[in-house]
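Feature annotations, reproduced from TrEMBL:
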- S44, V244, E428: FAD binding site (BINDING)
- Y347: substrate binding site (BINDING)
- 43-449: domain 'Amine oxidase' (DOMAIN)
Amino acid sequence: MTTRRSFIRQGLLAAGGLMIPSSSFANFILSGKKKVIVIGAGFSGLAAANKLNQRNFDVTVLESQNRIGGRVFSHQMNDNLVVELGAEWVGNSHNRILELCNELKLDLSENQMDTHLLYKGIYSPARQWDFSKNWKLKMESLLENYRHLNDKDKLILDKMDWWRYLVNNGCKDRDLDLRELMDSTDFGESIRKVSANAALSEYVENTGDTQNQMDKKIIGGNTMLAQRLSEKLGKEKILLNHAVTRIEQGDKVKVYCANGKVFEADKVICTLPTFALKNIDWKPGLPENKIEALNELQYARINKHAMLFDNRFWKSENFDMVTDQLPHYFYHATQGQSGSSGVLISYSIGDKAAVIANQNDMTNFKSVQETLQPVFGDVKSHLKQQANYYWGNDQRSHGSYAIYGPGQWFRVRPVLKEPFMHTHFAGEHLADWQGFMEGAIVSGEEAAGEF
Ligand SMILES: Cc1cc2nc3c(=O)[nH]c(=O)nc-3n(C[C@H](O)[C@H](O)[C@H](O)COP(=O)(O)OP(=O)(O)OC[C@H]3O[C@@H](n4cnc5c(N)ncnc54)[C@H](O)[C@@H]3O)c2cc1C
């Protein structure tokens, strides 16, 4: 079987995107301890830096913010409760992150959910709703069929959007609405913007003990892993408040920061999301095809509205609920954390997220209150505190994670991945497990093995 991932790996090798150390690279390593600058202290940068450190390179990480972790952004709601405003779940299939947690002595809690549904004003408790029998059978056969597709079939499939593919295969009415609501939660935008191959390759992996890769969370917050990785590396090797503004490449690389500092290195690993990457002044300029690819790739707009309540009126610890309302998707964000108070997050995507982001917390809470009314009555008296983060306006990524639209995965990604002179690229958007912490880590480690 060729999975999306192994297929991509073959494609990259064919395109020369995966670097096999050449003799000049071998000379590079042999001629003493070489200096590498890693740009970005997200999971990708921290993973790359650790790998380089192990390989005895002299590593410095430059990070523009005053914190590490990037799009992993744990937030303390009160003294006891921590929530995630960025990356949330670790999948049971995410082997590398699980391995690192084990190595760095971090425990994970089980976090699978039992999903409720609120659709067209009718509330259906968990396990009392489903897709139609016909559509369920059809979906199973489509996933089975996908397992047997060859590479050429996948390239063709990638040109179609997921919504069109579903419609063409007889998904309609309530089934189609439910797929839109649930799958847009995974991808962060309407399924009309998602490639059919991206969707199928993701859902075909959802077998065995994973619940859509929303299985576990790191106890104490996902940021704990960033902290442990930085301790392993040596915190002195990470320079915060060092926003890279210019990269000059000649015999060596000169990296300029907004604070006036300049660094010289033999190699650079750049782990920035495409928006931040393109804002750097590159000398010489980036190749035309890379600029086009950077301009083409979009990032999904996700808004997280976290609400602390004085009790967990949703009753079951593993509560989550898909709705067809503006607040989109609710989940218990403090599952397994002790105490009687708890946090519900309203997780909205695409245009809905953009609308929510433009309102204040109280206006958004009113819409939450109205949505939850048929299920839990008036919840206002339980509200204690709110926190909101809209990734669509994040200065660095302008979105939560990359969303490869129809026709982009096999065409755009290899171009973005291709090294440019002394600079190699990594980050979630270039990974086989694209959109996940797992992907960020693995792509960072891979880039650190490219020379
Ligand atoms: C809302 C949301 C939900 C998510 N849910 C999940 C989930 O449930 N499970 C999961 O596995 N993943 C999830 N993700 C995805 C996950 O967060 C990312 O895949 C991963 O964190 C990306 O890591 P990275 O290192 O590639 O990029 P980043 O984390 O973005 O790291 C890049 C770093 O570069 C820094 N930087 C930017 N510009 C410059 C500059 N000019 N100079 C120096 N530094 C710079 C940034 O500050 C940042 O620290 C989610 C993300 C979001 C936002």
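Easy rule for this one: first residue shown is 1, then count along the chain.
Glycine is no exception: its Cβ is also placed from the backbone N, Cα and C atoms.
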Completion exercise
Cβ neighbour count (10 Å, all chains) around S44 (FAD binding site) is 35
Exercise for the section: Among S44, V244, E428, the annotated FAD contacts, find the widest CA pair distance and round it to a whole Å. Expected result: 19
Practice task
For Y347 (substrate binding site), just count the other CB atoms lying within 10 A of its CB, please.
Solution key: 22
Completion exercise
Note: in the chain of V244 (FAD binding site), residues six or more apart in sequence with C-beta under 8 angstroms of its C-beta are I39, L62, S64, V255, Y256, C257, A258, I280
Problem - Alpha-carbon distance [Y347 (substrate binding site); S44 (FAD binding site)] in Å - result: 24
Problem - C-beta crowding around E428 (FAD binding site), within 10 angstroms - result: 30
Handout entry: Integer Å distance between the CA atoms belonging to E428 (FAD binding site) and Y347 (substrate binding site)
Key = 20
Fill in the blank from the handout: What DSSP gives for V244 (FAD binding site), in three states, is strand
